[in-house]
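Student: I'd like to ask some things about the structure below.
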């Protein structure tokens, strides 16, 4: 599909207008309920961070959000201790929702929303707050309320970490994965949940990247967590492959955001790139890291940008330290400089074969490699979808899989067998899985503009 600059601009404008119109089911104030994270001490790592254990809650506060109100859920922000890429103790923030009627025994649902930007005020915890002026609000008002609302209907405790951390290190796998695992620990600590509480994870696109890294690091970083399943779709499994796929194309802003995010997580990469930036590159890197420069701006500002035009060295990907970092920031074994782990719990992975934002082939390679090492993966490639339609196609089947994982009833499959999961055909329908109210909300997304500057749909879920 050919995408023009004019079409991207018009779609982003429509997406912004859709957010400002606000969901019909909620009454939202224009201003966020709390200060911008840049002005909020809650987003500052305390000087004694090293005295806290991983996942220990440092401070907490009750917050109003636009999500979970129909379920009478209580929402809180937790500041907790986690670990960065350099294995240093740092603080992070997670939003948690406490169900009005918790399932017994307790179950924990970890949801990773796509943030896809490198500014602190793009963080999910800020976007979730009641209000309309948050710069990344569009990521929190479309399918996200449906997913979290469904989990609360089941009585699951919900945690959604700011997986990019206070540095907003987009696409930095270690940083994201550890932040998520410690966010789950923080929720368990905050609610005094049993040590063996079942945990499941879900994410799409940038949120899927965070999810796959959490699943990959779980066995070594948080082996005590009782993870029973994970679903993720449109997953960027390789930083290098995703960058190469995006650079120079209509969604080149994500390639630039990835360079910015990885550099924020790897100081040696930051120093290396800074020394090679030309004048345009210096200005552009400062811009993408600027306050309020979030997913819509990333997409709108840089279509067809060649990131190499910002530096005086076009061989960066093959030079140290970047070449070595890219071999670390991948879960594809054929590219990795380390042994990629194989999670033991069942997973549901879906992807559009003609995906125009996240390349399909690396994800398929990851599934093949994992299956060869004994993984349990339900693989659902969609041959006639693209990034946004696949997001909707996989939503109901992925949540159904999560419920099965919690119930211990995931289907036995030959790992990696490509079988498209279709709600109402191969899985229960949207009404059966979500209930009629949430199913109708999902159908209402058909044709609405997404945060990616493209519409959901056009196919309405059954």
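Sequential numbering from 1, following the chain as shown.
Positions of Cβ are set from backbone N, Cα and C atoms, glycine also.
Sharing the record's features from Swiss-Prot:
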- 1-21: signal peptide (SIGNAL)
- 122-294: disulfide bond (DISULFID)
- 205: active site, charge relay system (ACT_SITE)
- 355: active site, charge relay system (ACT_SITE)
- 371-415: disulfide bond (DISULFID)
- 387: active site, charge relay system (ACT_SITE)
Student: Select the closest residue to residue 205 (active site, charge relay system) from the following recorded positions, measuring between CA atoms: 122, 355, 371, 415.
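Tutor: Among 122, 355, 371, 415, 355.
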Student: Which one is closest to residue 122 (disulfide bond) in space, judged by CA to CA distance, out of the recorded positions 371, 387, 415?
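Tutor: Looking at Cα distances from residue 122 (disulfide bond), the smallest one goes to 387.
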Student: Using CB atoms and a 10 A radius, I'd like the single residue among the disulfide-bonded residues 122, 294, 371, 415 with the highest neighbour count.
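Tutor: Comparing the disulfide-bonded residues 122, 294, 371, 415, the most crowded Cβ belongs to 122.
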Student: Which one is it: of the recorded positions 294, 371, 387, 415, whose Cα lies the shortest distance from the Cα of residue 355 (active site, charge relay system)?
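Tutor: Among 294, 371, 387, 415, 387.
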Student: Determine, to the nearest whole angstrom, how far the Cα atom of residue 415 (disulfide bond) is from the Cα atom of residue 294 (disulfide bond).
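Tutor: Cα-Cα distance, residue 415 (disulfide bond) to residue 294 (disulfide bond): 37 Å.
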Student: Out of these active-site residues, 205, 355, 387, which one has the fewest other C-beta atoms within 10 Å of its own C-beta?
Tutor: 387
Student: Distance between residue 294 (disulfide bond) and residue 387 (active site, charge relay system) at the Cα atoms, whole Å?
Tutor: 19
